[in-house]
Amino acid sequence: MTPILFVDRDGTLITEPADYQIDAYEKLRFVDHVIPAMLKLRDAGYQFVIVSNQDGLGSESYPRASFEGPNNLMLQIFASQGIEFRDVLIDCSWPADNAPTRKPGIGLMVPYLQDRSIDWARSAMVGDRITDIQFAHNLNIRGFQLRTDEFGGEWDWPGIAHELADAPRRAVVQRNTKETRIRVELDLDRVAEPKTATGLPFFDHMLEQIGKHGGFALEIRAEGDLHIDEHHTIEDTGLALGQALREALGNKRGIGRYGFDPESSPWRVAGDKAQHGFTLPMDETIASAALDFSGRPYFVFDGEFKRERVGDMPTELVPHFFRSICDASGLNLHLTVRGENDHHKVEACFKALARALRQAIRREGTALPTTKGAL
């Protein structure tokens, strides 16, 4: 899904003169820092749509020809710097007309409201007037009012770009069914001690490994029908955690995408250049996890357990938990474990996944790590 930045024109992209009409080339002047800020937002995956009220455009006092020359030059300058607008929406009514297409009305937005490819949660509106903020409120998106002497406001373009493009990757997922109530909170850009409470102490200990060794803040609270058995609690926790990972990663721009064993790993055979899963030992046990946030869920598990359960966690639910994460997050995971002690083997699986996640979620720029254009 694609986020859209709706932008006002006069006073937002270009400065607004005293007569409120940019009807001559000499009146055309860009707002400070607008181009580098929009380039940053473009690289973060945003598309741009101009939404502007132009009082009485086409009337004798404001001929369309006087408007189009400076407007076309503005668009050409933006295009020369790599900034293209998906659409330019102009309302030509007068304030007294109370037209539904005039901001803060959203009459011009009908085609966009019907477009299911838009990421409305990340979309926003930037303008210099309170009507722009009201327009954002009517669309149920975030609004940023640029700081001006005439209308106030608190934001400048660099701050808006930072807020939208560098926003922390957070998610809160609440999954409620007749069998369980699961709440997962995570922040992929903050390190904190994990907090877990599922009613299953050994499972809690394993979940803590994901946050601790994954290098991100993780909090999980679960209430399930443990009087029946552990299945629903463990399965639904995996589904909620997978959904939280998917939501926090967003469009996945800039992430490593893959988690695997680096060539410098001490566990590699000398001269081995092939890509392997992220491998780690735990006493006699060795586990390997290779993953890809491809958007196509797939899980392969290679390992066996001798015991029916470790602590309060049935060993048959270990691969099932990982499969649930994959299904909900769109993750491709290959997980292998060898050893003698089942406690070590289960814990090594969780730690291997966590270390592979740490590598895959790391930001390495702004590019989308695929040739398809979407993940």
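Glycine is no exception: its Cβ is also placed from the backbone N, Cα and C atoms.
Source: prediction; values computed, not measured.
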Q. Considering the Mg(2+) binding residues Asp8, Asp10 given in Swiss-Prot, which of Asp119, Asp128, Asp149 is annotated for that site as well?
A. Asp128
Q. Around Asp128 (Mg(2+) binding site), which residues of its chain at least 6 apart sit with Cβ under 8 Å of its Cβ?
A. Asp8, Asp10, Gly11, Thr12, Glu16, Gln145, Leu146, Thr148, Glu150, Phe151, Gly153
**Q.** Coarse DSSP state, helix versus strand versus coil, of Asp10 (active site, proton donor)
**A.** strand
Q) Using DSSP, would you call Asp128 (Mg(2+) binding site) helix, strand or coil? A) coil
Q) Between the active-site residues Asp8, Asp10, where is the Cβ count within 10 Å the lowest? A) Asp10
**Q.** Residues within 8 Å of the Asp8, Asp10, Asp128 Cβ centre (excluding the Mg(2+) site residues themselves)
**A.** Arg9, Gly11, Thr12, Leu13, Glu16, Ser52, Gly127, Arg129, Asp132, Leu146
